Amino acid sequence: MKLSVPKKAILYFLYFSPLLIVFFSIFIGRLYIPAGTVLRIIISKIFSLTPEKSWPRAYEVIIFEIRLPRIIAAVLGGIALSVSGASLQAVFRNPLVDTYILGVSAGSAFGAALAISLLLLDSFLVQIFAFIFGIIAFGTTYLVAKTQGDVQVISLILAGIIVSSLFSACLSIIKFIVEPNHVADIVYWLLGRFSTISWKEVLQIFPPILIGSLILFGMRWRLNALSMKDEEAKTLGINVEKERLLVLGAATLVSASLISVCGIIGWIGLIIPHTIRMLFKTADNRKIIPLSAATGASILLLADNIARSLLPYEIPVGILTTLCGAPFFLYLLRKRSKGVWH
């Protein structure tokens, strides 16, 4: 991928933008804290300094217990959604799919709603139910697609649509029969948000997202082979079904982990890889995967910053990504280049 000077500048900017946005995000919040105070608090914490504090203890709590966990969660979420979306688009040879096509989001949504309806209101139990049913949904999708022998791409897509519809129907039943005061809890969870994130949730999602993302990063060149026809991939020595299952499993692991604590955040996994392909006019997943990870982390963190500071009350970030994502994706479709696989 030979790049012009402007494209190289964009490339480096995308790689380093997460660090810049993370830094500036620490200063953003509904409660105003002077920038100088924020810097002094961070420096005193990092270097274990014990100067005479000229700031309230509440400022430290806001920075280290509220802002920092959700910043890290947003970065992890952007990486998880973008990397899994790019990987699945390569496997399915279709730019219009992401992890939601496997039924993961519908399964996780049903699991969370089931936990809430059973009065299991402890956040950890809701997360466990959401994660388990996300995995179950993927397993069901794969088993349904496998009934005809070898798992074909079209079979997986159709099976994912079937499983998603089934879990969506079950979710509707729960919302219909559950007590009205719990319907609001279910709807709020479905909207997608980082407002309830603490260090506990960050530590819960970090290992599976790290493991799944590393697997997908390590399979970058294999994704190039899997994006070919099955017969062509086999001539390159690729065990198509085994490699495809590994990609699907890793993508499901990272997305189910994120959904279990943050709810459903749409469009990131669909738009980011698509944008990278169009911007750099490449279908090489060795470039697309890392660029998608960096860009996804930046975009989702920016969206969360806007969601928590735009209005006096917080907007669920899932609403914001949908409001911005749908028209932007329409723009991308109208402007897409010819001759490059999108």
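Glycine residues also receive a Cβ, built from the backbone N, Cα and C atoms like all the rest.
Residues or ranges marked as transmembrane segment by TrEMBL: 12-33, 71-88, 100-121, 128-145, 151-174, 202-221, 245-276, 313-333.
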Seminar exercise, completed: Listed stretches 71-88, 100-121, 245-276 vs the transmembrane segment (202-221), most Cβ pairs under 8 Å: range 245-276
Exercise. Where among 71-88, 128-145, 313-333 do we find the most Cβ pairs under 8 Å to the transmembrane segment (245-276)?
Worked result: 71-88
